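Structure record follows, encoded as structure tokens.
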């Protein structure tokens, strides 16, 4: 009887030993599994909080073969929170790794800002040339069309005006051109109310030549208008010039400048010579760049003289296979004007020109 008891107990000992061995092996496996998890993800708690890469795919991994040590972590992905665990704070998200974005959510495209500089005048002085030339500069972004905000569309508000602007980076200048601002009485005050630091560019030209160019443009659109002589004088015999005609009035630069100097110091206004813009575009644009506080990027290498049009054009660049000249409306042949009429207008403008030279500290040599 005793033998049978001992006989039954005999086989139980190896089974008990196997169970102990299995429990030890399972414990060792769990320990190795945890060690592998920590090595791959560095810190399990931190991995769940920051959304770091995970090494295991789910609870079922525990019943599978252990992963090799050389296996990389899974690609980054959202980690569900453990039941009952507190939600990770938003501030803990690795925002520094995300691309820079602006308020509209467009990465690295810049922001629409109100312009820091304006080309405010004058019509037929060369404003389009200055705009196209300065747009070559990488630190300048300019609106291609004339928004006429400060003279015609002021009631739409600054938000509407800002929406028209190109996107710029912090290092870039936003610029727009509307040459009618210079002769608009309300424009200086309105621009000052937007920003008293606004830089102003005025492109001026011999007022007689400018008036003829203005008339030539109008004539191309309205062939039935009166003659230049008829529009220029109230009484030509007495030499009475009609200052109510806009083509004449625009050239009275000293008169218009008085309104601007009530709001802006002379140091914030830069005057470009329309004549020198043709004969020395690089020199004039160099001074414009200095005024805007940007590097002299636009130089002689950007220009060539177009004999057909009679003014400089931009050479071809890496982004443009062809040279770029101003449109067909630029460089028109002026209508022929009686030399006596020209002399009379020169005498009319002379006192205004002299006062303008004295005010701005430059002699444009229009006499």
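Placement of Cβ uses the backbone N, Cα and C atoms for every residue, glycine included.
Checking TrEMBL for transmembrane segment across the ranges 20-38, 39-57 points to 20-38. TrEMBL lists region 'Disordered' at one of the ranges 61-90, 91-120, namely 61-90. Other C-beta atoms found within 10 angstroms of the C-beta of residue 124 (active site, for sulfotransferase activity) number 23, with every protein chain shown included.
The two recorded residues, residue 124 (active site, for sulfotransferase activity) and residue 333 (3'-phosphoadenylyl sulfate binding site), have Cα atoms 13 Å apart. Of the recorded residues, residue 128 (3'-phosphoadenylyl sulfate binding site) and residue 325 (disulfide bond) place their C-alpha atoms 11 Å from one another.
For residue 213 (3'-phosphoadenylyl sulfate binding site), the number of other Cβ atoms no farther than 10 Å from its own Cβ, over all displayed protein chains, is 22. A separation of roughly 16 Å, to the nearest angstrom, links the Cα atoms of residue 333 (3'-phosphoadenylyl sulfate binding site) and residue 325 (disulfide bond).
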